[in-house]
Amino acid sequence: MKHAVKHIHFIGIGGVGMSGIAEVLLNLGYAVSGSDLADNAVTQRLAKLGARIHRGHAPSNIAGADAVVTSTAVQESNPEVVAAREKKIPIVPRALMLAELMRLRQGIAIAGTHGKTTTTSLVASILGEAGMDPTYVIGGKLTAAGTNARLGQGDFLVAEADESDASFLYLTPVIAIVTNIDADHMDTYGHDFDRLKTAFVDFCQRLPFYGMAVLCIDDANVREILPRITKPITTYGFDPAAQVRAVDTRFEHGQMRFTVKREGMADLDVTLNQPGLHNVLNALAAIAVATEVGASDAAIVKALAEFHGVGRRFQRYGEHPTKDGGCYWLIDDYGHHPVEMAATLAAARGAFPGRRLVLVFQPHRYSRTRDCFEDFVKVLSETDALVLTEVYPAGEAPIVAADGRALARAVRVAGKVEPVFVENVADVAATVRDLVQADDVVLVMGAGSIGQVAPALGERDAP
């Protein structure tokens, strides 16, 4: 019985997916401990909330634990995993622990290759504005709240559903969003795209008969699976056939303005405090959910207009000085797949028309670089200046002709932009300072250690 579990230990507690669950469990009154290879702002926050944090992994770290939570990034050879098995302590996958939390609430789960974090944040923000006090677990820090997780007293738990390891199939939400489906994390699915699409069908089919699948029909792969889903469906998009759709969409002062048409309801004029057509789609998904659960139109409009974004999702670091006496704009973004990168580049062009766009990119995983190589070359060639660094391996072994140098050579051969290759991420900030010009927009992108570059530039260049 659940009351027998009092102490829960997280291996890799500093990761964004693990830390959010740990914070909610702390707020539920559980004793929480965790280990990670290095301290960061996340582990420091959890320690202040009462978690016992260990630096490094050791068998002694799990002393007293009633359950041990792991992610797919944690190897079976991890000494804490080995010790837990020896002591017969239950080892719980991260997604299964999230599923247990979801059983305590009505779950709203957001799935899709791109846009999960922003969409989850938008849903949580609207429900919060509507007075529904949701619990949420997000894959990025909600800027307005200063955290990626919160225990609310309301009926709903809003969370990302991770398809990368197929663990979203543990979840049993009452509302499921699918933003899009692209070929990513294909190792999980035996490099079979049909298996990946079937997993999304299975995810939606886990809904109860009274649930709702909220699907973006602008995405061709989502449209393809739609006939296979037998649960109630609400569609959204720019497509005229969408039940929740955006019309009269325009870019104004770094924001998106549009009108939302909903079947049987009054039109809704919306200002979204984020740039990009992809973010309009994210907002439509959130509006569809909010409408379904009874949030007022006033709450929807206010939350979207005041939405301050999510950490590392088109996160603006303001203006910074250049060597020629001018200033450049600095933006940081988590995007690391060619499709989401193209959407973010388009958003940057829309937000800063006429400016030179400098992209600083660290590829994430050799397998993704290999599988999407030509698409990467195409999207990287759409910038005005390009700084490339070596692939962040995320535990993978190098793959021949799928490293940063190979990508730089291919972009150079394409002939549209001359890449600057920087081997070490620690040297990227200095390279950017040397090449940046007045009025440039510098967009730092990637899911690995590149995340340290924008803060380093922002801190160094601060007045």
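Every residue gets a Cβ built from N, Cα and C, even glycine.
If you look up Swiss-Prot, you'll see Gly112, Thr113, His114, Gly115, Lys116, Thr117, Thr118 marked as ATP binding site.
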Once Gly112, Thr113, His114, Gly115, Lys116, Thr117, Thr118 are set aside, which residues in the chain still have Cβ within 8 Å of the Cβ centroid of the ATP site? Ile110, Thr119, Thr179, Asn180, Asn282, Glu340
Taking 10 A as the limit, how many CB atoms besides its own sit near the CB of His114 (ATP binding site)? 23
Would you mind checking how many other C-beta atoms are within 10 angstroms of the C-beta on Thr118 (ATP binding site)? 29
If I restrict to non-local contacts, at least six residues apart, and a C-beta distance under 8 angstroms, what lies near Gly115 (ATP binding site) in its own chain? Thr179, Asn180, His278, Leu281, Asn282, Ala285, Glu340
Using a Cβ-Cβ cut-off under 8 angstroms and a sequence gap of six or more, which residues of the chain neighbour Gly112 (ATP binding site)? Thr119, Glu163, Ile177, Val178, Thr179, Asn180, Ile181, Cys216
